[in-house]
Amino acid sequence: MINHENNDLFDLNEALKVENLTLNDYEEICKRLKRKPNRTELGMFGVMWSEHCCYRNSKPLLSKFPTKGKNVLVGPGENAGVIDVGNNQKLVFKIESHNHPSAIEPFQGAATGVGGILRDIFTMGARPIAVLNSLRFGNLDKSSNVDLLRGVVSGIAHYGNCVGVPTVGGEIDFDDSYSGNPLVNVMALGLLETEEIVCSGAKNVGSPVLYVGNTTGRDGVGGASFASSELTTTSLDDRPAVQVGDPFIEKSLIEACLDAFKTGDVIAAQDMGAAGLTCSSAEMAANGNLGISIDLDLVPSREDDMSSYQYLLSESQERMLFVVKEEKISDLIEKFNKWGLYASVIGEVIGTNEVIISHKGNIVAQIPTSALSDDTPVNFHNVINNPPDDLLNKWEWKENDLPEINEQKIFSLKENKKFSFSEIILKLLSNPSIASKRWIYKQYDSQVQANTVFTPGKSDAAVVRLREQNKKSKNKVFSGVAASVDCNSRWVALDPFRGSIAAVAESARNVSCVGAEPVAITNNLNFSSPENEIGYWQLSSSCNGIAEACKALETPVTGGNVSLYNESKNKDNLITPINPTPVIGMVGKIDNVEKAISSEWKNIEDQIWLIGSYKSDTTTAASSYLEYFHGEITGRPPKIDLSDEKFCQSFLRNAILNSLVVSSHDISDGGLAIALAESCILSARGATIELEKDLNRVDNLLFAEGGSRIIFSISKMKQNEWFNYLKQNQINFPSSVYVKKIGYVSSDTLKIKINEKNICNIRVEELTEKFNNSISDYF
């Protein structure tokens, strides 16, 4: 018989508001339980039926994604995805968000975001080997955004540095839409250390349920529900919903768990992340098609007089739930205690498909597992048939709407005066969204574990060395993995379908640019309210674009995260949604990391080449140039031909692996001119470029984005071999793909000629100063 702990006397409307549930939800809960829930049970349903936990608004759209592939070992549904990267090695990876917590408590919100994603990785039996992050903030001319950036970066650095996992790469962008709602997405990679992948499904009725890790407190209570609602002017009052992490306990937890997993004595494992003990127990039971009973009196706690509601909804960090072999309990507890961790048997696996919770001698919750975890509500929304009128109007924009170019200068619609192209390049380089992120990544330890091949900012994708493969060989060969996180949210805002295709294509292109083969993705879908028809249309269109690109590029989705209700409401109840931001985390494999290349030029007189697609649009529409120089966010983003995209990447990868290409850099934000400038800055070398243009819009040639384009350099010592490679592959070239020489590496100046006219002449020293100091000047 359930004891309602006197909490059956509660204000239903207030409780539903707190739990972010509707009256229809409540009626459905009563129907499933065949009775009214008590307050504790209502809280359990609140977190488990939140968008954060059950994807109730996005589940129908996620089914569009391809999830199977030749290298995929574990897809969506487990703690993280797993792929085969060759040589009997398995990579575990996933991306998660901690947006709302970071908005109100940036240091702890970001820090615990790192801790949470690391637990997803090592819960599968993998040692975390790298972290990347994708961050979004409002423009830095507002002091509150500077404070948020400082706090988030400090939190990520603190947790990652202390736990001993390198932060190897990432991206960051600034836009006014994120001023009230920053985005903090963290991706982690791990290498499997156990013979078998550790899964979460409970097995064997009667097996003990073991609690391991930190103690349980009141921090983070209701965090999942908080993450599934919009931010308002009163959100600072929700600081208790933000967890507090301890990276040193996490480090002990990593070592202890991997040690325990290797014994084979752990049957199932689940970390206590969102919704804490409620979610971990319900998912373990549901995934094993069994039940779990838990006695809260046995849960290690750090505070007195905690209620069952607080125990079950606490999101205290660094906690795990295991199903273990009964005869190995003593050995396991001793092992965990040795690492300074709490370990306590708090329940057992039961044969009935339900979660039963007792506290102080009474049953306080008894819920079918399917009701909590499997058969959760789905909110179906109508998708509008046509794009919103304001977008259709923006799609009408043409480059001819821009001012004419006179005497190698162009009038800025933003600043109402003329600038030379050299001045425009310097202005774009100093914009925080394009400028060096050195101030940020220098705070991260990117070299711990000694397997980081390129420091952040040096290459288009991070590259991490894996274990030595042939220990008997005199020539040590190390395989590696590459990873990149990407999203041009401006493109997605202007066309969610095309923009999302571009996000997948760019993330794959970045991985290919270091010489790795793109294998699979994890995604983090950051969107506004799905209850708004435009917001849901954006989400639906984005999912369609991701699905199409992943199928074409053969990079299946292994899992990820959906973060909705990313919008802020001011004191006048005016809602500001973020730009839709589907962040793509791409992973790739490379058989020999010695073959991987970076983005900077190598030697003077090396040739500079360009590859791209005629079928893919190349336009200044939706470009950084249009926004940052002319002050306009308009136009339809470039359309990418995925067949040509795939060919360009494959052709370049093979050239890299044949040691013909010595540097490579994709053309994205800022177009060709900025890509050239960045390679000059990274190498402290110049470039002499000669281009031809039939049309009179020089700005298109310099600053247009799209076109599946990559610049790369060929060693002057390898030019004969390069031309032989070109000749051998000529028969396979689609007529729509071009590859052409555009210049050579020089000493200390970026010089660009178009149709034999001097367009740009900037010393690398000047480029570097503008590029490196933009963000640091705010601190």
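Cβ atoms here come from the backbone N, Cα and C positions, even for glycine.
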Residue among Lys17, Lys94, Lys595, Lys602 sharing the ATP site, where Swiss-Prot lists Tyr55, Asn523, Gly560 as binders: Lys94
Number of other Cβ atoms within 10 Å of the Cβ of Arg119 (substrate binding site) across all protein chains: 29
Cβ-Cβ under 8 Å from Asn523 (ATP binding site), same chain, 6 or more residues apart: which ones? Ile95, Ile546, Val557, Gly560, Asn561, Pro582, Val583, Ile584, Gly585
Of the recorded positions His52, Arg119, Glu315, Gln317, which one has its Cα closest to the Cα of Lys94 (ATP binding site)? Arg119
Please tell me which one of the recorded positions listed here (His52, Tyr55, Asp120, Asp271) sits closest to Ser97 (substrate binding site), measuring Cα to Cα? His52
Any idea what the Cα distance is from Arg119 (substrate binding site) over to Tyr55 (ATP binding site), rounded to a whole Å? 21
Among the binding-site residues listed here (Asn99, Gln317), identify the one with the smallest other-Cβ count within 10 Å. Asn99
For Glu315 (substrate binding site), the spatially nearest of the recorded positions His52, Glu96, His98, Asp120, Asp271, using Cα atoms, is Asp271
Need the DSSP three-state call for Arg119 (substrate binding site) to compare against my parser. helix
All chains considered, the count of other Cβ atoms within 10 Å of the Cβ of Ser97 (substrate binding site) is 27
May I ask for the distance between Asp120 (Mg(2+) 2 binding site) and His52 (active site), taken between their Cα atoms and rounded to an integer number of Å? 15
